[in-house]
Amino acid sequence: MAGLLHLTKLCSKNLPSPSCHASCYRLAKGSRHVQARVLYSSLASVDDNAKRKKITPFTPTPGSKLLGGVFGKKAKGGSSDGGSGLGKLDAPEVTSQDMMRAMMAYIWPKEDPLVRKRVGISLGLLAGSKLLTVCVPFLFKGAVDTMTTLNMDTAPDAVLSTATALLLGYGIARASAAGFNELRNAVFAKVAHHSIRKIASNVFLHLHNLDLAFHLNKQTGALSKTIDRGSRGINFVLSAMVFNIVPTIFELALVSSILGIKCGLAFAGVSMGCVGIYALYTLSVTQWRTRFRVYMNQAENEAGNKAVDSLINYETVKYFNNEKYEAGCYNEVLKKYETASLKTSSSLALLNFGQNAIFSSALSLIMVLAAKEIAQGNMTVGDLVMVNALLFQLSIPLGFLGSVYREVRQALLDMQSMFTLMNVDSRIQTAPNAQPLFIDNSNASIEFRNVNFEYEPGKPIFRDLSFTIPAGKNVAFVGGSGSGKSSMVRLLFRFFEPNSGKVLIGGQDISAVDLDSLRKTIAVVPQDSVLFHNTIEHNIHYGNLAKTHEEVQNAARMADLHDSIMSWPAKYNTQVGERGLKLSGGEKQRVAIARAILKNTPILIFDEATSSLDSITEHNILQALSRATSGRTSICIAHRLSTVKDADEILVLENGGVGERGTHSQLLKQNGLYARLWETQTQQFDPSRHTEDNQEARSSAQA
Ligand SMILES: N[C@@H](CCC(=O)N[C@@H](CS)C(=O)NCC(=O)O)C(=O)O
């Protein structure tokens with residue numbers, strides 16, 4: 001359906017001939033496939049990470065390269081973004097040959113004989129359909145010859161029955177060729193879609209395996225576009241090869257051989273020459289006119305964006321009585337589209353006329369040759385009809401040569417962006433021969449030893465930072481914004497690597513242990529919780545998919561969320577909406593806390609975990625947190641000092657290091673930065689500013 005829409009749009013722009021619909025549809029159908037769409041919704045959560053710069057504990061696993069050995073030997077460095085909007089990727093560029101080899105590995109997989117069998121059958125059906133196609137003119141020739149050479153006066157019945165048989169054969173051959181064709185499409189469809197699914201899921205996993213720095217630097221919109229276009233490109237190239245390019249070359253070879261053998265070398269020479277000139281003309285004109293299509297597409301996008309932006313701002317337009325101005329701006333963009341569209345249409349007319357003129361000239365030349373041969377008695381009228389029909393059939397696929405060439409080139413560019421993305425390596429990986437991190441609640445100490453870290457050169461976040469958190473202690477980190485509180489968590493979770501120094505858990509250097517095992521030992525409640533577009537149950541269960549429904553409910557109870565959930569009509573089956581839109585900030589944060597509780601790890605990190613809660617909920621949550629953290633090593637990052645005053649120890653981050661440390665009362669006595677912050681907050685804190693009206697949030701979302 002989506003393919004059909006794409007086709008309708010494509011063809012309606014230039015009002016092409018009806019035959020265009022069938023062929024274009026074949027190439028376009030299935031191009032916007034499900035996998036890419038599934039990918040988008042999953043990628044939305046990565047987008048949130050990037051935009052909000054928050055920490056989400058996704059767990060990369062090593063390996064799994066889309067093209068494994070195929071792109072294993074890397075090409076020369078440097079890569080363009082191929083118009084994907086991804087910017088320059090830090091990966092070797094992929095060549096067309098690499099891509100062709102990669103696609104071959106998918107459609108002729110050494111390890112999958114069933115796929116190879118399907119490809120073999122498709123090729124057999126292709127050959128069968130083309131052989132039948134070239135039989136059609138022969139049967140037609142036979143019928144014509146029967147009627148022109150046999151004597152209708154002496155044996156009308158014999159003439160009629162022979163001609164009828166030949167003409168029936170003509171119909172059967174045509175229908176069978178079409179049947180073989182469709183059967184080939186059906187058999188090959190599984191191969192194409194299977195390959196696309198494998199590629200799309202490999203790309204998806206690869207994206208999850210890339211490091212946070214990559215995701216923070218890339219827009220998820222551009223990433224998902226690259227994958228969508230890339231997988232559509234694969235579909236297009238495969239379809240074009242199987243349905244258009246290979247069959248046309250095969251048919252051309254057949255027709256030329258038949259003409260050469262049956263009618264003489266001059267006939268074969270004219271037909272081959274005609275196709276050569278036709279192809280040269282088509283490719284050069286297509287290359288020249290592609291720019292008009294690019295302008296047209298740009299103008300179309302611009303017009304769409306302008307219309308959406310203007311209508312979104314409906315109220316503002318009304319406030320300032322600017323309807324006419326808006327319509328004028330829209331009209332300007334439409335004018336650009338109109339100009340580009342006209343150029344596209346007129347250049348298409350020129351292309352079509354030129355192609356037709358070349359073909360018609362060759363056709364009439366061949367007919368003149370045939371007429372001469374008939375006059376000399378070397379050929380029959382049937383032969384002339386046959387030659388005409390053979391060439392005419394060939395002209396149908398050649399009528400789309402330009403479009404196929406243009407789309408294949410674009411598809412190769414799109415594929416290049418996607419395959420280059422697959423060559424990007426994660427900067428954070430498990431070291432070779434790394435051992436799993438073995439810790440439990442009793443030895444989950446955390447140590448930062450002389451850590452230096454900066455995101456950008458010359459802007460240090462940590463300078464020689466050193467501290468130790470003994471196992472089982474609850475330590476709070478406070479400090480002004482930019483003091484590195486969240487960066488400390490990122491280093492601990494190994495989203496980033498320190499420039500120098502070490503981070504140790506249970507005495508083990510985290511850069512030397514298995515990444516998956518490291519992340520399994522830490523649960524994070526991020527500052528800004530983003531939920532999956534699914535039920536509340538699924539969102540809590542996400543913390544540990546192996547747990548039971550009862551355990552999910554217990555975690556919700558501990559996070560002070562269970563009673564709220566039970567008051568909703570669909571209870572645990574309530575859909576939370578896209579990114580948890582239907583939940584208030586406080587509810588989302590409690591989901592994140594429940595998830596972390598369910599993960600049940602020796603180390604717990606709360607990054608401003610109670611920032612969206614009102615003071616009553618915060619009080620309940622703090623009690624829940626103290627239950628959840630008891631006996632575990634926990635880190636609380638807080639802006640509101642009231643939430644951490646009971647911590648075993650408070651570390652004040654300042655100037656890239658630990659400025660002060662001690663308990664709440666010790667720090668107040670020191671009369672330093674902490675005491676000043678405390679004083680400011682206790683004087684200025686206005687709880688009403690933080691109050692959440694959950695009910696209001698939910699009802700407005702429902703409305
Ligand atoms: N004969 C031309 C045109 C074939 C054609 O009509 N293509 C369809 C798409 S399958 C079309 O709408 N083309 C618009 C265009 O090329 O601007 C060619 O070889 O490319």
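Heads up, the Cβ atoms here are built off N, Cα and C, so glycines get one too.
Listed in TrEMBL:
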{"type": "TRANSMEM", "residues": "119-140", "note": "transmembrane segment"}
{"type": "DOMAIN", "residues": "121-410", "note": "domain 'ABC transmembrane type-1'"}
{"type": "TRANSMEM", "residues": "160-180", "note": "transmembrane segment"}
{"type": "TRANSMEM", "residues": "234-259", "note": "transmembrane segment"}
{"type": "TRANSMEM", "residues": "265-283", "note": "transmembrane segment"}
{"type": "TRANSMEM", "residues": "350-372", "note": "transmembrane segment"}
{"type": "TRANSMEM", "residues": "384-405", "note": "transmembrane segment"}
{"type": "DOMAIN", "residues": "446-680", "note": "domain 'ABC transporter'"}
{"type": "REGION", "residues": "682-703", "note": "region 'Disordered'"}
{"type": "COMPBIAS", "residues": "687-696", "note": "compositional bias 'Basic and acidic residues'"}
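Cβ atoms under 8 Å from those of the transmembrane segment (119-140) belong to residues 107-108, 166-167, 169-170, 173-174, 176-178, 180-181, 183-184, 187-188, 191, 242, 246-247, 250-251, 254-255, 258, 382, 385-390, 393 of the same chain, restricted to positions at least 6 beyond its ends. Using a Cβ-Cβ cut-off under 8 Å and counting only residues 6 or more beyond its ends in the same chain, the transmembrane segment (265-283) has close neighbours at 252, 255-257, 259, 351, 354-355, 358-359, 361-362, 365-366, 369-370, 387, 391, 394, 398, 401-402, 405. In this model, the domain 'ABC transporter' (446-680) carries an average pLDDT of 88.
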